[in-house]
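Structure, as structure tokens:
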Amino acid sequence: MFKRWMILWGMAAALATGQAQAIGLTSPTAGQLYLAPASITLAAATTTSDGTVVKVEFYQGSTLIGTGTAAPYSINWTNAPAGSYTLTAKATDFKGTTTTSVPVQITVDAPPTVSLTSPTSGQAYIAPASVTLTATASDSDGTITKVEFYQGTTLIGTATAAPYSITWTNAPAGYYALSAKATDDKGITSSSNPAKISIDAPPTVSLTAPANNAVYAAPASVTLTATAADSDDSITKVEFYRGTTLIGTDTAAPYGINWTNAPAGSYTLTARATDKSGATTTSAPVQIIVDAPPSVSLTAPANKAVYIAPASVTLTATAGDSDGTISKVEYYQGTTLIGTATSAPYIATWQNAPAGQYSLTAKATDDKGATTTSTAVTIIVLPNQLPSITLTGPTAGQTFTAPATIDLAASAQDTDGQIARVEYYQGTTLIGTATAAPYSATWQNVAAGQYSLTAKAIDNGGGESYSSAASITVNPAGLQVYYLHSDHLNTPRVVTDEQNRIVWRNDPLAEPFGTAAPEQDPDGDGVPFTLNLRFPGQYFDRETSLHYNYYRDYDPQTGAYKQSDLIGLAGGINTYTYALGNPLSNPDPMGLATQSEISAAVQTLTSSYPQDFSKPPASVTPFPMGENGLGMTDWGNNITLNSNRFGGSSECVKRGDEYQFLQTLAHEMLHVNESIPRRLLSNSFRMGNPIGYFHRQLDDKANAMATQKIIEKYIKTRNANKDCICR
């Protein structure tokens, strides 16, 4: 604005002094700076009071550089060289009158020169790269203030003094155009030609085999494998090195070589990958050991040695290692390890080798883990012929008196060896041992009891044989053993002593109701034998001559009870009768009821299911129980049936109850014959289970037994009994 005002002021002054016209330079302005070779536009504005401007001439100093003949008056000064210039404009009107403008000072500056000397175009680097950029720069009419270095348009560094250089560190992979820009003291800049470089991503490589610290036996065959890749190029080769020595090259994946006949020693192995641009990367090193293998020889047993099973085979070997020590020697039967020794003379024992033919080897392992296996040795283990043995004393059935001293003797032989010892057992308890014929021993202070004795022969091969068992009896001192013989109803009929002599007899043919007294001295030795047992459940009371039947007394003279039946008519219409008047067929162990219906039911179930009811109950007796109870079986296998459920006003089972009666009796008879302990069944109740799993099994089985066919069979059997014709 100020410059324009000065031009107008000059033109006004010219008019005021009487000049015909006025002129002023409008371009360039005073102090304007140009870069040589410059192109400068010169323009002027004119005014006149009395005529027309016919031309305007533009001067550099006194040198005409151009003329304009029509407004707007301007010219273009091209290729203006460097220098300082005074520019004016001179206007001429049609009268030839001239007017010159106020001069304007300008400068045409020579630009600096700059050249990027490093890197050069085409130069290649490996990422992450460190690239040094260097340039030369000068200014003919001034000084260089700075040189800036660019990657494309991105400034990467500046140098302010010669030599102009920077370092571009960690340069990533890629292709780059690098240049330098110089700035002189007047702010004029120049840029160099670009240098195009490439920074290559290096390949990656990893040695995948062998494993670090792997050990090989010399001469070794070592397989080396590697994985290699390149993110911006391709792999041209992978080289494998032992230290600095190349041992092999592979040019295609999978990359691997085989190093054969590697001698003993310790080695550092690496893999080096090279990509298409020539960039290389070396893998992390892997250490291996090629170990001189140990030596080993199996010295015992001898080849084709023969043993008797079960054999004890002693194994020995010699072993050594030229470049280390032996850590262990292992013995093998085929591929099965049978022994190990860790120090010389490397002895092991294979115990209890069974019969067969075997191939034995020794394998030595040294301190580096290298192994060597010996030549195989074949041995034969023959089957052991078991010894034979007979217990010759004591003999079966022999009796002794406590505290007894019992001589033990046996005869033993072994056809393929020797008898090592004979052992005597009472059950599973060892009671004596003999190591030499006649293999005798003594069992001292034997207490009273029944014993089962056996002899065991052991031969030198460990073979064992047992004799047949001999049962003996050791009686208490002063105690005589007697044997009680009962009839089909469990009524005692005969008593015999140890010599099988009859010492007491109750003959049913003499008096079926028990009226006649038993014979107390049938052998006639003058020593009477007393036994107070009579019909099942009865005990003879000598003072009253009655038979105590737990709930009441039986009088053999009348063949009836002295007291009425405690269960009333539930046991039958005659409350005094005993066994329905037939004590040879019907028992009444508790003195509560007759047994004809029960006998019929037991007979029906036993004949229908003989396998399930092989064991008869000791007794079956009706007795009043709670309304919910049906029956129970005690530990003596005595069955009690609830007479409140199965009795009535008659002596027979209530009509229509036959199914429940037979099912209950079958259930209780299964208890008598059960394999499941009754204690377990009772526990099932105590554990909060009202039936219990096993109890349910018995109940289900009893339900299945009480079929219509069985009920009909029972009724037929029951009605065939003259003592109880139920209607």
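Including glycine, each Cβ sits where the backbone N, Cα and C put it.
Curation does not apply to TrEMBL; its annotations are automatic.
Feature annotation from TrEMBL assigns domain 'PKD/Chitinase' to 24-109, 114-202, 206-293, 297-384, 397-477. The feature signal peptide is assigned by TrEMBL to 1-22.
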Helix, strand, coil: count each for the residues of the domain 'PKD/Chitinase' (24-109), based on DSSP.
0 helix, 60 strand, 26 coil
Could you tell me the mean pLDDT over the domain 'PKD/Chitinase' (397-477), as a whole number?
93
DSSP-assigned states of the domain 'PKD/Chitinase' (397-477) in counts, ordered helix, strand, coil:
0 helix, 53 strand, 28 coil
